[in-house]
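Quick look at what Swiss-Prot lists:
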{"type": "ACT_SITE", "residues": "Lys104", "note": "active site, N6-AMP-lysine intermediate"}
{"type": "BINDING", "residues": "Ser80, Leu81, Arg125, Glu159, Lys297", "note": "NAD(+) binding site"}
{"type": "BINDING", "residues": "Cys386, Cys389, Cys406, Cys411", "note": "Zn(2+) binding site"}
{"type": "DOMAIN", "residues": "571-657", "note": "domain 'BRCT'"}
Amino acid sequence: MADKIQLMKDKIEILDRAAKAYYQENTEIMSNIEYDKLYDELLELEKETGVVLSNSPSIHVGYELLSNLPKERHEKPMLSLDKTKDVGTLKEWLGTQKGILSWKLDGLTIVLTYQDGHLVKAVTRGTGEEGEVITNNARVFRNLPVTIAYKGTLILRGEAIIRYSDFIKINNEIADVGVKYKNPRNLCSGSVRQLNNKVTSERNVYFFGFSLVKADNVELDNSRASQMNWLKNQGFDIVDFKEVTSSNIEETVQWFSQNIEANDFPSDGLVLTFEDIAYGESLGSTAKFPRDSIAFKWRDEIKETTLLNIEWSPSRTGLINPIAIFEPVELEGTTVSRASIHNISIMEGLELGIGDTIGVYKANMIIPQISENLTRSGMAPIPEECPVCKGKTEIKQENGVKTLYCVNNECLAKQIKSFTHFVGRDAMNMEGLSEATLEKLIAKGLIKELADLFHIEKYKNEILELEGLGEKSFNKLITSINKARKTTAVRLLYSLGIPNVGLSNAKLICRYFKYDWNKIENAEFSELIQIGGIGDIMAESFIRFFSDEKKKVIVQDVLNELELEEVQLSQSEQIFENLNFVITGSVEQFKNRDELKDVIEEKGGKVTGAVTSKTNYLINNDNMSNSSKNKKAKELNISIITEAQFLEWLNNGVRPE
């Protein structure tokens, strides 16, 4: 008995560390399948011994919150759901009742409160007893109504999620994410719990309602389906659901399973709830689970295979990720041959060695993972040098998680941002080269400097092996790269990523030197500060860049691949030279404000984002607007002109008074 209780304590300690890492620190020290296995083993021991320890995860819902967001206790505790992987259990649980079967979205659960038709509060699930107030962040969710027709007090629950497509895009673009966000759920958690909701708004968070908690004086016929449809009519997106009975639940589960891969949103199973609200509520709850709902987790398809290699993939943060390469197997209809191991702690826990027989599966039927190591031959060697720069590596340990890092600050993998910037839309415009793809190309040693990007066609076979790139995508990429060979001095200058030299300043510099690249790269400090809009700091940064011998070689290698367009520019065309403009409000004669900005810059002017004492004109079609820019312009006695006045100036030379 004592041995079994000690075993329970050991399992609880491991589960507690894993849950803390996942929910508080947005990292993983074990896979979901390992966690579930340990948890089920603990439940069996508790059942066998009749002992449940006070710190067991079987009776605890969450963890203490560790952020600076305001906290608030929930009016009703938010319990987790009991779960099963057996459809027969679902059928038995439902019995003769009708039910609602819906997606179990894998994001962050949120409680929303509306009063008088307005969103007044949004709180995360948190510990289940207490959550974090994220009202300002919820206001910038992509699809959340901040005003609704219903004027009573409304409380509903739902899931904030980030779609797979946005996850891939955002994870490639956001520098501070690095390897921290392993999946859409972790990215969503970090996005929803921001102190600055500008960050939240840029992350494309969506909300899907799944439960109505309170709606005063609304008659919904004691029906969950009616509740969901009523929420939909109020403007909320709700989780897809189907009404089921014990006779059709098996085929309905099958329908959901067949539609997983078509979904752009993360899901980790299904939720079955009694359609009869009163009946469900009459059942009450256990200390941890409500009795009116149950979760269904997909039974993972596990295939045995042989571990062939562990590939170490460096990232822009210096972190070097271990990736398992194994004999290809068919999983959920696709061929899989690699899976992320995430960190050294997981690698040690699995005792992975080359040649081991391992079990692999797709987490949530999407992401390849290692479930177990059947032979456990011992740890494969951890590299002492970075695979990209051959510099020294070191193992770091934080919150009980071991990770491998390259300590060389000059490592090419850490310069990923310069490559990302170089291929960007306003620079070389090489469509198809995402940050993730560039990171893989660098990690494999296929590109070592910017000019190498123009010759990646010779690595076709290696590139086609990268996830997400097929023959068609590769051909489009090569076409885009070849198209980029013919470019402008402005694009080239901007693409070099010189500190403090943005696109508009690159245009000013190129225009000043008549687009002559030889004059541009050999510009003197005294010349640069003569250009309106170029100050001492920017000029110093420019001179420092072109004085660096290594940078000169990089630029020359790029130039050897390019054909710079000649620009013929007459002085008479520069009608906006040395003038500063600000654009606000909607435009009517141009496609958008960017098109208007381009016209101004082509004619020698500069467009800024804020009204200051240096602003000459504010372009605004609504002169009576109460916008901050309008007010500021009037305070500073700056001319406010309409598009029509601007066009009269542009086309007929009539400058507004």
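Including glycine, each Cβ sits where the backbone N, Cα and C put it.
One residue stands out among the binding-site residues Cys386, Cys389, Cys406 for having the most other Cβ atoms within 10 Å of its Cβ: Cys406. The least crowded of the binding-site residues Leu81, Cys411, judged by other CB atoms within 10 A of its own CB, is Leu81. Note on proximity: among Cys386, Cys406, Cys411, the binding-site residues of the record, the Cα nearest Glu159 (NAD(+) binding site) is that of Cys406. Distance from the CA of the residue listed as 'active site, N6-AMP-lysine intermediate' to the CA of Arg125 (NAD(+) binding site) is 15 Å. Among the recorded positions Lys104, Cys389, Cys406, the ones whose Cα sits within 10 Å of the Cα of Lys297 (NAD(+) binding site) are Lys104. For Cys411 (Zn(2+) binding site) paired with Lys104 (active site, N6-AMP-lysine intermediate), the C-alpha to C-alpha distance reads 42 Å. For Ser80 (NAD(+) binding site), the nearest of the binding-site residues Cys386, Cys389, Cys406 in terms of C-alpha separation is Cys406. For the residue listed as 'active site, N6-AMP-lysine intermediate', the same-chain residues 6+ apart in sequence whose C-beta sits under 8 angstroms from its C-beta are Ser267, Asp268, Gly269, Leu270, Val271, Ala295, Phe296. In the three-state DSSP scheme, Arg125 (NAD(+) binding site) is classed as coil. As a summary of secondary structure, the domain 'BRCT' (571-657) carries 31 helix, 13 strand, 43 coil according to DSSP. Closest to Leu81 (NAD(+) binding site) in space, going by CA atoms and restricting to the binding-site residues Cys386, Cys389, Cys406, is Cys406. Note: the Zn(2+) site is recorded as Cys386, Cys389, Cys406, Cys411; in the same chain, Pro314, Gly318, Glu385, Pro387, Val388, Lys390, Gly391, Thr393, Val407, Asn408, Leu412, Ala413, Lys414 also have Cβ atoms within 8 Å of that site's Cβ centroid.
The binding-site residues Arg125, Lys297 differ in how many other CB atoms lie within 10 Å of their CB, and the one with the most is Arg125. In this structure, Glu159 (NAD(+) binding site) is part of a beta strand by DSSP. If you take every residue in the domain 'BRCT' (571-657) and average the pLDDT, you get 85.
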